[in-house]
Amino acid sequence: MTLISVLTAIAVVLTLAYGTLNGMRDASTAVAASVRTRALRPAIAVSVAAFFAFLGTMATSGLSVALVQELNFNVPSGVLGLKLLISSLLVAGIWAIYCWWRGLPISSTHALLSAVVGGSGASALMGDESISDAWGLLLSSVILPMVLASVIAYVLSYLLVIPATRMLRHNTSRSVNEGSRAGQAMAAGAVALGLGLQDGQRTGALLSLVLITGHVIDPGPLTLAIQLSAAFALSFGVLLGGWRITYTLGRRLVNFDPLRGMIAQGVAAGMLFVGSLVLHLPLSTTQSVTSGIVGAGHNQAFESVVWRNVFRVVRHWLLTPVACVAGGAILTLAVRPLFLAG
């Protein structure tokens, strides 16, 4: 086998592993609120989430095509590009596993893109071919979506609690909670569908990019095999669950009732749908759901938010680009001698 064939195979395996890890981590964001308020049992919740995540990945390829078109002309072809992608996948995977172990909900996509930017910067420093306008990619695909998704999800969830509580103020607590739990069950499926539309399609886009870079396929629409591979990887990860992060989202950030959980999940699902289907913009499922939960939970008569834990999560959101840019640069420089012959 040639060097480029070996690297392509390694990159494909790492991409599918990345998709599985993404599903395992983001299963928490899809089901945490519903499990916390007992709208769904944990086993049922992850099964529902896996089904809808698979469906969302297969439903459309609009976001995937947009991402491939944006990145394809940027990533160097052949050995240099595969080296960059492999290094970035390793760095993003290590950071995602570390944060999962700490129970911290962070964006795996932001970790990956930041590692790509760091690796590209290191390549440019050594005079190798690199991504054009890498820092622009970091700004447009990591920094701005992180800020916008977090702020919009928080504000919308906070504000929507006001009309919801006024409309239901004459209902009994029992009827409100029962109705909200039913709504939460549907909202959990919607978030999982959005997870497939966003993260599943990003995995498909990355897999396509790997194959294009390795000269296995030509640029073009995603094939059925690529979509199926991404869908299975994501859904398998969802079935594994990520209960450490579920505990953080459900119990360590804020106390919330079924109504506020339903609102937070509904807002997050709506943002994921609009981002994928309308704007073709990659949004973080984790940050949308987390910010929505904090926003809805904050709008209560009593102080319910554990701000110390919220700031700890936000600190790691901000640390993700820094750590992964540095990690991507260091690993790319470290493995460079291995590929000089290529």
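The backbone N, Cα and C atoms fix where each Cβ goes, glycine too.
Taken from TrEMBL, the feature transmembrane segment applies to 43-68 (among others).
Nonlocal intrachain contacts for the transmembrane segment (80-98), taken as residues 6+ away from its ends with a CB within less than 8 angstroms of a stretch CB, comprise 4, 7-8, 10-11, 14-15, 17-18, 21-22, 25, 106, 108, 111-112, 114-116, 118-120, 123, 128-129, 131, 206, 209-210, 213-214, 320, 323-324, 327-328, 331-332, 335-336, 339, 342. Summarising the annotation, TrEMBL assigns transmembrane segment to 80-98 (among others).
Sequence-distant contacts of the transmembrane segment (104-125), counting only residues of its own chain at least 6 positions beyond either end whose CB sits under 8 Å from a CB of the stretch, comprise 18, 21-22, 25-26, 28-29, 75-76, 80, 84-85, 87-89, 91-92, 95-96, 131, 134-135, 137-138, 141-142, 145-146, 199, 202, 206, 245, 248-249, 282, 284, 286-287, 289-290, 312-313, 316-317, 320-333, 336. Annotated transmembrane segment per TrEMBL: 104-125 (among others), in sequence order.
Under the heading transmembrane segment, TrEMBL lists 137-161 (among others).
Counting residues 6+ beyond its ends, the transmembrane segment (224-243) has Cβ neighbours under 8 Å at 16-17, 19-28, 30, 42, 46-47, 49-51, 53-54, 57-58, 61, 64, 100, 192, 195-196, 199-201, 203-204, 207-208, 211 in the same chain. According to TrEMBL, the feature transmembrane segment maps to 224-243 (among others).
Among the features that TrEMBL reports, transmembrane segment is placed at 263-283 (among others).
TrEMBL lists 317-339 (among others) with the feature transmembrane segment. Residues 3, 79-80, 83-84, 86-88, 90-92, 94-95, 99, 106-107, 110-112, 114-123, 126, 128, 138, 142-143, 146, 150, 287 of the same chain, all 6+ positions outside the transmembrane segment (317-339), place their C-beta atoms under 8 angstroms from a C-beta of that stretch.
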